[in-house]
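As structure tokens, the structure follows; a few thoughts come after it.
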Amino acid sequence: MTHLLTVFLVALMGLPVAQALECHVCAYNGDNCFKPMRCPAMATYCMTTRTYFTPYRMKVRKSCVPSCFETVYDGYSKHASATSCCQYYLCNGAGFATPVTLALVPALLATFWSLL
């Protein structure tokens with residue numbers, strides 16, 4: 001019995017220790033912000049929320065949260081928000097596409113297609 005207990009304890013010591021999630025946590029008037037922080041144990045998501053005052057002006061807020069619900073900005077409403085969620089190390093660092101960027105995609109594709 002003690003032999004089995006010893007094997008169990010040795011195997012248990014070999015398991016990786018769970019580490020707290022790290023996210024960028026900040027609030028910024030502009031495109032993006034980066035400030036890494038270790039999240040509390042109860043926080044299992046990194047969240048990025050962009051509140052649009054106009055299609056070109058926004059406030060970015062990044063945080064650690066215990067639960068997260070993703071939303072999409074429609075590109076037209078004032079004071080509307082878009083929220084993205086993720087669950088791995090510093091996953092909320094990169095920005096996501098803004099309505100202005102998305103509007104350029106068809107023009108770039110048309111230009112590329114005309115060159116062929």
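Every residue gets a Cβ built from N, Cα and C, even glycine.
Sequence annotations record features per position, and here Swiss-Prot assigns signal peptide to 1-20.
Per Swiss-Prot, domain 'UPAR/Ly6' is recorded for 21-104.
Reduced to three states, the DSSP call for Cys46 (disulfide bond) is strand. Per Swiss-Prot, the feature disulfide bond maps to Cys23-Cys46 (among others).
Under the heading disulfide bond, Swiss-Prot lists Cys26-Cys33 (among others), citing similarity to another entry as support. Cys26 (disulfide bond) carries a strand DSSP state (E or B). In sequence order, Cys33, Phe34, Lys35, Val60, Arg61, Lys62 make up the list of same-chain residues 6 or more apart from Cys26 (disulfide bond) whose Cβ falls under 8 Å from its Cβ.
Residues or ranges marked as disulfide bond by Swiss-Prot: Cys39-Cys64 (among others). For Cys64 (disulfide bond), the Cβ neighbour count at a 10 Å cut-off comes to 22, with all displayed protein chains included.
Under the heading disulfide bond, Swiss-Prot lists Cys68-Cys85 (among others), citing similarity to another entry as support. Around Cys68 (disulfide bond), the same-chain residues at least 6 positions away in sequence with a Cβ under 8 Å from its Cβ are Tyr45, Met47, Thr83, Cys85. For the recorded site, Cys68 (disulfide bond), the DSSP three-state label reads coil.
Its own atom aside, the Cβ of Cys91 (disulfide bond) has 17 Cβ atoms within 10 angstroms in the protein chains shown. Per Swiss-Prot, disulfide bond is recorded for Cys86-Cys91 (among others).
In the three-state DSSP scheme, Asn92 (GPI-anchor amidated asparagine) falls into the coil class. Per Swiss-Prot, GPI-anchor amidated asparagine is recorded for Asn92, and the stated evidence type is sequence analysis.
For Cys46 (disulfide bond), the count of additional Cβ atoms within 10 Å of its Cβ stands at 27 [all protein chains shown].
Across the fold, the C-alpha of Cys64 (disulfide bond) and the C-alpha of Cys46 (disulfide bond) stand 5 Å from each other. With DSSP states grouped into helix (H, G, I), strand (E, B) and coil, the domain 'UPAR/Ly6' (21-104) comes out at 6 helix, 34 strand, 44 coil.
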